[in-house]
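Written below as structure tokens is the structure these notes are about.
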Amino acid sequence: MRTCKDRLRHTILFEILLILIIGPMLSIILEQPLHTMGALTIILSLIAMVINYIYNLAFDHSLKQLGKSVHKRSKRLRVLHSILFELVLFIFSVPIVMNFMGYTFMEAFILDIGFIIMVPVYAFFFNILYDNAFPIVSIQ
């Protein structure tokens, strides 16, 4: 399994790159000031970092309990991992978007659907690159 230090590095790198991509993109698409979208993105990112850490730890422990390897993950498992994470994050993010942007539930829901489509794709490729750059060291 990954160490706490490695999980922290993973989470921080993941979120920083995502903020740099999504903040400007939302600003353009929603025709909102960059500072507004940047602030929303940072708020959601901070929440996502906490959830991400807990989620990944629980996911790895679940794999271990099921007798599955935490070192080698199939693409199918990576897709499942990403989708489940987005569903958990969705529960927390919709009310925040509603409050921050003054959106109705449906408006926040639609915006979050965009995240649900984009972020798992980003996560899939990020995690493959991360695993190649920082392989898990087996501790005997």
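In case you wondered, yes, glycine gets a Cβ from its N, Cα and C as well.
As written in TrEMBL, here are the features:
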{"type": "DOMAIN", "residues": "2-62", "note": "domain 'Chlorhexidine efflux transporter'"}
{"type": "DOMAIN", "residues": "73-135", "note": "domain 'Chlorhexidine efflux transporter'"}
{"type": "TRANSMEM", "residues": "12-30", "note": "transmembrane segment"}
{"type": "TRANSMEM", "residues": "36-58", "note": "transmembrane segment"}
{"type": "TRANSMEM", "residues": "79-102", "note": "transmembrane segment"}
{"type": "TRANSMEM", "residues": "108-130", "note": "transmembrane segment"}
Same-chain residues at least 6 beyond the ends of the transmembrane segment (36-58) with a Cβ under 8 Å from one of its Cβ atoms are 2, 7-8, 10-12, 14-15, 18-19, 22-24, 26-27, 30, 84-85, 88-89, 92-93, 96-97, 100-101
So what's the average pLDDT for the domain 'Chlorhexidine efflux transporter' (2-62)? 90
